[in-house]
Structure formats: structure tokens, C-alpha cells
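Asks: My questions all concern the structure below.
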């Protein structure tokens, strides 16, 4: 066994990224990360969970990667060899037409059902297998193919369907669903539709989910591949049912299967999550202390971790805080909204870090649930401390708002254009005013400043040193000023101001 373990580890070290991802996915491990991370993860998997099935998968991947080495491996292991599907021998014509027929004619022997494994879905619980995974076989070189499969429902299956409750009017909770995936014996396969798919059940076409439009430019729309409910078009009796599948033959192999399932709603999944997967507050505090524990090798010491109380999915306050056990962050999202969104469009991706978030790894944060009950609605963020305690950071936000408001001081309003009796402001009136006017304007400004609220001073920016020189004119300027009160002063194209004078208009 030690020799086989060393052999498997050497094979893993020679794998490419795609081979490592296939191996990790087949054993239910995460397949994201750099190649060195994938190699380390695969080696730990081989060392800790060594089994004949794991060794078989490693050898199959190695033989696919290095076909020339298969003869050497076969010489050492005569009992095993490369992956081979059973021979497809034609069925004798004398047999009755039933499940041994596909595409309406005699079909080759289909691969064993155990070779193709479909991924379990949280919203669907398999009750019985009506038709095991069967490969869709192309009959010619045409791009558009048509395949058929037939089956009969047992009286027990019919009774389960008829006696089941309704999820909504006209939709039973026990259904017969059609699932399609790639034909691949390595790993667990997800639902995948072939191109140009159309499903007809007993001469009636049933609905197949369409494409979702993409909001991002340059991204092709995606089709959500999920089980197809064919129950409304079936004969709920001993009469034979026939399914006709139209599909595009573009070089990939597909398998089709039919199951009797029990369909769950998002509310039912939430009840399962609430009763079976809640992390205690003490365990949550231990997790926080582990993250904030001082590391002598690190140059940066973390004294606190901030966590938002707003759900990243709907931008509302968290109701039931939930996160994924395999995620490194403490930020949570709302469990109810997360399940509802995956019920309509199943992605099962963490909204915080975009890593896989399967239902089996979801957990409710017991500590954050208590914090949400203790904090008022206006608290949107908290901070976890090194001892496992927490504090709201509402006060910090209020101080920041006050600091922002204090950056705009309230200065007194300076009125630089007070209309005179003739309706013209000093800036727009003639500059040939007398010193008397200048002195009067200054005295008027002083009086106005005493009467204005807030201590604002009235400043006439049109007055300069030239006004003092004009004041020497005496009576002539005074007479011009008196005349200007009776008739408006003529407009001038440009004022001869000094270069340091500020224009007020």
C-alpha cells in the first residue's frame, strides 16, 4: 500500500491544472486557486483520504495525460486498465420495444448507470430513479439529432405524485424531472443542456429554461441548466411514456436521466438550515480570537475586525446572518434572501468573496444574531475586538459627519453691491464721483455694518486711491454727483482701473 501511495503522489505532481481540478472536484473539494495550491491540496487529499476509488481516479487521469505510459502501468497492474465503455452490441430484433430502444430504433447497449453521477441539488430530493443515465447517441453526421426514450410509471410512483401537496396551484411537490449532463465517468456531473435542445413528452413540447440576458457588455447570455419538470405531460397510469429530445451534435457526449423527486421551497430549506446548522456564539468568539491572535512573525498587528450589518445582496439590514464554513471572512449575508435568489437562479456563490457556497456548508452565525437583537436599527457596522467582544461604530460615524460639517465655516455675508437711490450699484455707476461721495459711502458703510446682522461690513470695491485725487476737484465733482441723481450716468465701455483693483461684477 505504501508503494501505491507513493506512486499516486508522483502521478499527482505531474498533473496539469485541469487534471488537478478534475480530481479535486470528483472528491468534493474546492478547485479554485493557483497550481501550487491545487497540487498541495491534492497531495493532502491522497495522504489523508487514500482509498481504491481515489487511486483509480488518479490513475485514469494519469493515463489520459500520458497515454504512452498505459502499457507500463498495465504490466504492473494487469487487473486494471484505461477507462473503456462496454461494447455496444445491437439488440436482437425479436425483443419487444421498451427501454432497450433509443431514437426509435434498436440502440447499442448504454453505459452503466453508475458511470455517470449527477450532482445532488438542494431543492430536489431524489425519491426513485425512473430512468438511469443513458447516453444520447447520434445516428448520423447531421448537426441536429433526435433521440427517444420510453418508460412506465409504477402504481406506487403514480400514487406518490397524486397524493403530494401543492407548492403553488397546479404544481405538485412530488415531480418527475428530466436531467441532462455530460457523459463523463470521472467526478460528479452538473446539469448541462446540449445546444438547440427541445423536449417533447408524449407529443407535447414542454418548457425548457431559456437564456438569462447579461448586463455586462461582451458577455454572452447564460442558460440556467436545471431539472425539467415533465409531470404535467405524463400518463399517470401504466401507459408507456415517450420522451423525444432534439439536440445539437457538436462533438460532445450527453446523457439523460429521469427521476422521481421531492421539490423543496426556499422556506423549507431555511427551516432545515435553522434547525441543523447554527454556529454557537462561543464558537464564533473562538473564531474571532483566532483571527485576531497576535502573530510574532507578522509585521502588522490587527486589533479589530469590522463587520457590516448590511446584507451585500439586498443592501438592507441583516435578518438572519449566514456565511459559508469554508470562507475566511466574517462578513455575513442574509440567509432568507440568499435561498430565495438561488431558488430562482441557482448559482450557490458567496456574495462576499465569490467562492462556491453549497447549501451543505451554510451556517447561521449565532453571535451576530445576538448582536442584531441588541443593537438599534441605525447601527450599520460593528467591530470585533481581540478578546471576542464587540463594539458599535455608530459614534465614529457621527464624529466623522460633525468633522465634515465643521470643515465649512459660517462666514458673515459681505454685501459688495448695495443699490443706491438711482437704482445703480457702486460697481456699475460712474467712477467720476467726488470725495464727498467717497467719504459718504464709507460713513454709510459703517452705519450699514452696525445695522446688519452678524457684523457684516459693506465694502465698496470701486473706491481706490484715484478717488482721493478726484476729491481735490471739489465742487465740480459734487455738482456732477448731484446731476447723476437726476439722470443715469452714461455707460462706459471699460473702466480705467488700476491693475490691482478687483472687479466686483
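A Cβ is built for glycine as well, from the same backbone N, Cα and C atoms used for every other residue.
Note that TrEMBL annotation is computational and uncurated.
TrEMBL lists these features:
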- 12-46: domain 'SAP' (DOMAIN)
- 105-264: domain 'PINIT' (DOMAIN)
- 296-381: domain 'SP-RING-type' (DOMAIN)
- 395-407: compositional bias 'Basic and acidic residues' (COMPBIAS)
- 395-505: region 'Disordered' (REGION)
- 429-451: compositional bias 'Low complexity' (COMPBIAS)
- 462-485: compositional bias 'Acidic residues' (COMPBIAS)
- 495-505: compositional bias 'Basic and acidic residues' (COMPBIAS)
Asks: Per DSSP, what is the helix/strand/coil residue tally across the domain 'SAP' (12-46)?
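Replies: Residue counts in helix, strand and coil order: 24 helix, 0 strand, 11 coil.
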Asks: If I take every residue in the domain 'PINIT' (105-264) and average their pLDDT values, what number comes out?
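Replies: On average, pLDDT over the domain 'PINIT' (105-264) sits at 86.
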Asks: Count the residues of the domain 'SP-RING-type' (296-381) that DSSP assigns to helix (H, G, I), to strand (E, B) and to coil, and report the three numbers in that order.
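Replies: Tallying H, G and I as helix, E and B as strand, the rest coil: 22 helix, 20 strand, 44 coil.
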